[in-house]
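S.K.: Would you mind keeping the following structure in view while I ask a few things?
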Amino acid sequence: MVKICCIGAGYVGGPTMAVIALKCPDIEVAVVDISVGRINAWNSDQLPIYEPGLDEVVKQCRGKNLFFSTDVEKHVSEADIVFVSVNTPTKTQGLGAGKAADLTYWESAARMIADVSKSDKIVVEKSTVPVKTAEAIEKILTHNSKGINFQILSNPEFLAEGTAIQDLFNPDRVLIGGRETPEGQKAIKALRDVYAHWVPVERIICTNLWSAELSKLAANAFLAQRISSVNAMSALCEATGADVTEVSHAVGKDTRIGPKFLNASVGFGGSCFQKDILNLVYICECNGLPEVANYWKQVIKVNDYQKTRFVNRVVSSMFNTVSGKKIAILGFAFKKDTGDTRETPAIDVCKGLLGDKAHLSIYDPQVSGEQIQRDLAMKKFDWDHPIHLQPLSPTSVKQVSVVWDAYTATKDAHGICILTEWDEFKSLDYKKIYDNMQKPAFVFDGRNVVDAEKLREIGFIVYSIGKPLDAWLKDMPAVA
Ligand SMILES: NC(=O)C1=CN([C@@H]2O[C@H](COP(=O)(O)OP(=O)(O)OC[C@H]3O[C@@H](n4cnc5c(N)ncnc54)[C@H](O)[C@@H]3O)[C@@H](O)[C@H]2O)C=CC1
Ligand SMILES: O=C(O)[C@H]1O[C@H](OP(=O)(O)OP(=O)(O)OC[C@H]2O[C@@H](n3ccc(=O)[nH]c3=O)[C@H](O)[C@@H]2O)[C@H](O)[C@@H](O)[C@@H]1O
């Protein structure tokens, strides 16, 4: 029986391995992690991450051919294929701080693999890494190998949170990069055989190592660039009276452009877009390509601009101050159907409003108060280090309360900011909410989820990203 071990039981390692176990009953899969809490949660009824459909997949295989364990060394030494799916956050200190990927966790995993291995292994980069990482990993493994043969493959993951199981069941493509030697090709075939249990072979793309590594960074950069493009347009729409939804629709109808990923928003978030683009920028700079670096940097600058623009819109609309005012924040996760808050635009928007002395009442159906408090107190880039290495929850940020339903959050509020597109925000009883708010009552829809016309009929002053402005808002222009 082929044995797989995955180092890192996070958002990628957990769901990916659960699906491999489900689709490949002839393979034994062990997911290992140094975080005892995370592994305990994977072995309980309350999984450590919220992902639609994940519970069922885990329930079907756990204890049969899927195991979660903290015995990292045992499972690595027994495995034929070792996936490495550990954090690759942005460096916070030293050379390349604020841009380069921090490969500390990857390197320590590689050294451990070399230490405990007694048989040949295929080592698979699942984490997103800088192009050429495989070369460094190869060096670590071969210099410490005691004669064991390691083949390195790059097999980046393209799943999106909230749809991880769907994406894994039916991926657009699986990408496998390896050495162009007979041994490298043999390793590629072994991994292709795993995916071929359920992925049509024409969707399994095999390349050289560097193409696979770079394709992952490129894919995330292209996706984020689309959002920054539409968000840049949203500012121009507000200035001209065009409607960004109509513009996106018209642009996306061109089959060369396509309709997906053209929703204007308060900004993109999530653990990867910013981190991976910063990493790409750093690699370009290191390779003497400042023009290319600046081109991609602009995607992040526009994203920051969009968040600042939103905060300024809120403050300027409310008579240029939110000091002492209650603002309800609906949604804190970086997108719907996940409890993940890493690099969520809500952090920057909340910090911006707190900077203007607002009182925030925050509601998100999947994010705990403790997490929100930690996020609002955390330093930039700390969020993507392993949980057990993150700062313990500090004292709560005063002026912030976290509540468990939208009606409590909005009671007596002066304004509402919608920052995540949770479906439930579409069907709230906005009449009831309006009646319980201070007047004039404002809604700032950072995700274009509400029916603005209906809300205006109720009496709200409504701001929707990239849509023609209410007369009130026109009179109070926001400067980003
Ligand atoms: N979150 C996402 O949707 C996606 C993430 N990625 C990439 O996948 C990688 C992992 O991301 P996530 O799963 O989100 O991270 P995560 O933080 O959820 O999980 C990583 C896990 O690795 C563990 N770990 C770190 N060092 C370890 C070691 N030496 N031995 C054992 N366990 C160790 C940590 O304790 C943590 O539980 C990153 O490179 C990310 O860029 C790629 C595609 C999608
Ligand atoms: O490498 C990764 O981590 C992953 O990053 C993204 O996945 P994810 O961040 O989970 O979620 P997305 O659906 O891409 O959304 C990212 C952010 O963009 C925002 N977004 C998305 C689409 C859109 O049209 N507009 C928009 O503002 C979302 O609200 C969210 O804040 C990519 O979609 C995945 O392919 C990739 O594997």
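Placed from the backbone N, Cα and C atoms, the Cβ positions cover glycine too.
If you look up TrEMBL, you'll see 8-13, ASP33, ARG38, 86-90, 127-128, GLU161, 272-275, ARG342 marked as NAD(+) binding site. The active site, nucleophile annotation in TrEMBL covers CYS272. According to TrEMBL, the domain 'UDP-glucose/GDP-mannose dehydrogenase C-terminal' annotation covers 328-452.
How buried are the listed features, and what sits near them?
M.R.: Sequence-distant neighbours of ASP33 (NAD(+) binding site) (same chain, six or more apart, CB under 8 Å from its CB) are ILE7, GLY8, ALA9, GLY10, GLY13, ILE39, PHE68, THR70, VAL72, listed in sequence order.
For CYS272 (active site, nucleophile), the same-chain residues that are 6 or more apart in sequence and have a Cβ closer than 8 Å to its Cβ are THR128, ASN220.
Across the domain 'UDP-glucose/GDP-mannose dehydrogenase C-terminal' (328-452), DSSP helix (H, G, I), strand (E, B) and coil residues number 41 helix, 19 strand, 65 coil.
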S.K.: Do any residues at least six apart in sequence from TYR11 (NAD(+) binding site), in the same chain, have a Cβ closer than 8 Å to its Cβ, and if so which, in order?
M.R.: ILE49, GLU51, GLU161, ALA164, SER271, ASP340
S.K.: Under DSSP, is ASP33 (NAD(+) binding site) part of a helix or a strand, or is it coil?
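M.R.: Going by the DSSP assignment, ASP33 (NAD(+) binding site) belongs to neither helix nor strand, so it counts as coil.
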S.K.: With a 10 Å radius around each C-beta, find which of these binding-site residues (ASN87, THR90, GLN274) has the fewest other C-beta atoms nearby.
M.R.: ASN87
S.K.: Measure from each Cβ of the recorded positions GLU161, CYS272, GLN274 to the atoms of ligand 2 and list the residues where some distance is under 6 Å.
M.R.: GLU161, CYS272
S.K.: Using all protein chains in view, find how many other C-beta atoms are within 10 Å of the C-beta of GLU161 (NAD(+) binding site).
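M.R.: Around the Cβ of GLU161 (NAD(+) binding site), 24 other Cβ atoms lie within 10 Å.
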S.K.: Taking ligand 1 as the reference, state which of the recorded positions TYR11, ASP33, THR90, CYS272 have a Cβ closer than 6 Å to one of its atoms.
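M.R.: From TYR11, ASP33, THR90, CYS272, counting a Cβ under 6 Å from ligand 1 as near, the near ones are TYR11, ASP33, CYS272.
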